[in-house]
Amino acid sequence: MKLPIYLDYSATTPVDPRVAQKMSECLLVDGNFGNPASRSHVFGWKAEESVENARRQVADLVNADPREIVWTSGATESDNLAIKGAAHFYASKGKHLITSKIEHKAVLDTMRQLEREGFEVTYLDPTEDGLITPAMIEAALREDTILVSVMHVNNEIGTVNDIAAIGELLRSKGILFHVDAAQSTGKVEIDLQKLKVDMMSFSAHKTYGPKGIGALYVSRKPRVRIEATMHGGGHERGMRSGTLATHQIVGMGEAFRVAKEDMAAENVRIKALSDRFYKQVEHLEELYVNGSLTARVPHNLNLSFNYVEGESLIMALKDLAVSSGSACTSASLEPSYVLRALGRNDELAHSSIRFTFGRFTTEEEIDYAAQKVCEAVTKLRALSPLWDMYKDGVDISKIEWAAH
């Protein structure tokens, strides 16, 4: 077993060797290096063929028409293109948008920008389990609502929203529905022939593909129109100009092909790893699981260890690559806005650690990690006067601290 151990698969995944191999064939002079937009020679034709093959592979994972897949630089760009693109195109119909308080920053900050442009946004509170329900959305709908954006799988707590039910509601009202699915490809079944979803964002690097490439699904039936945010040569049917990065695109296609092939078996394996980890730490007192225990992907275990500071726990776990709730918006030491939205108090939000497991995680790594977590939590609590007070039966929430 090699140290340190990577348990931060929701931040990024390593590229699968099968993906790296395919990518390497699109770079050198004796490889498939041409510009897919070069129509006058075989180098361009070959590159275009590879790009279209990858488009099919991405579409196949989510059961879409390849013509509905638009290449972007990643899920952040896909979210921007979908939300700004649709809001601007349909602004004459209304200027009200709906999203949730626990979306990824790529959605929240895009919404904030649209607010500055004169749109109105309703931000929904999730349930304490971290879910957004169709009833919440229905209650927030207005005559001038044109777009709702709700994520499929949450990046911090791994909860899975019922996008099928939300889609049915919104389609019946004629309101556009965008879903950020960066965290769900290869983990949750997605069938866009059945789902009433108008736009869906994808990322390669959360699914064992390269960074810097993503895609946006834009429905053809019913036809969804969006305004481009990137202008130039008119690539991707005018929705996203810029020379296509063949090696990145081929990598994303292969990653999604592998995901489709391996998903069922991989989910079973990762569920077993996650359960194995939890069984070894659940004896710890004052341990809280953040997010629904049932409506979540097995890859994510977000735990709060009360009376332990998340940052100090991360430092104590120097051989484990994990992230703390407060590090999800990395630069700030604010407690996680996702956990705060679930109603967790600052102390619990600050004591959270996100463990995310993946394709290359082993049982040996899980056992080592669980042992280290138990040791570190026990040691840090032994140093904590608050833990002593809790053990003595003092209700810490009732204490009035003197101001300094």
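From the backbone N, Cα and C atoms, a Cβ is placed for every residue, glycine too.
According to Swiss-Prot, the features are:
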| type | residues | note |
| --- | --- | --- |
| BINDING | A75, T76, N155, Q183, S203, A204, H205, T243 | pyridoxal 5'-phosphate binding site |
| MOD_RES | K206 | N6-(pyridoxal phosphate)lysine |
| BINDING | C328 | [2Fe-2S] cluster binding site |
| ACT_SITE | C328 | active site, cysteine persulfide intermediate |
*Report, as a single number, how many Cβ atoms besides its own are within 10 Å of the Cβ of Q183 (pyridoxal 5'-phosphate binding site).*
27
*Which residue, out of the recorded positions H205, K206, shows the minimum number of other Cβ atoms inside 10 Å of its Cβ in this structure?*
H205
*Return the residue, from the listed binding-site residues A75, A204, with the maximum count of other C-beta atoms within 10 angstroms of its C-beta.*
A204
*Which one, from the binding-site residues N155, S203, has the smallest tally of other C-beta atoms lying within 10 Å of its C-beta?*
N155
*asked:* Please give the maximum pairwise Cα distance, in Å and rounded to a whole number, for the pyridoxal 5'-phosphate-binding set A75, T76, N155, Q183, S203, A204, H205, T243.
replied: 30
*May I ask you to report the DSSP-based helix, strand or coil state of S203 (pyridoxal 5'-phosphate binding site)?*
strand
*asked:* My understanding is the cutoff is Cβ-Cβ under 8 Å with a sequence separation of 6 or more in the same chain; which residues meet that for T243 (pyridoxal 5'-phosphate binding site)?
replied: N35, P36, A37, G233, H235
*What's the CA to CA span in angstrom from Q183 (pyridoxal 5'-phosphate binding site) over to K206 (N6-(pyridoxal phosphate)lysine)?*
6
_Cβ contacts of T76 (pyridoxal 5'-phosphate binding site) (under 8 Å, same chain, 6 or more positions away)_ = A106, G214
*Taking just the CA atoms, what is the gap between the residue listed as 'N6-(pyridoxal phosphate)lysine' and A75 (pyridoxal 5'-phosphate binding site) in Å?*
10
*Work out the three-state DSSP category of A75 (pyridoxal 5'-phosphate binding site).*
helix
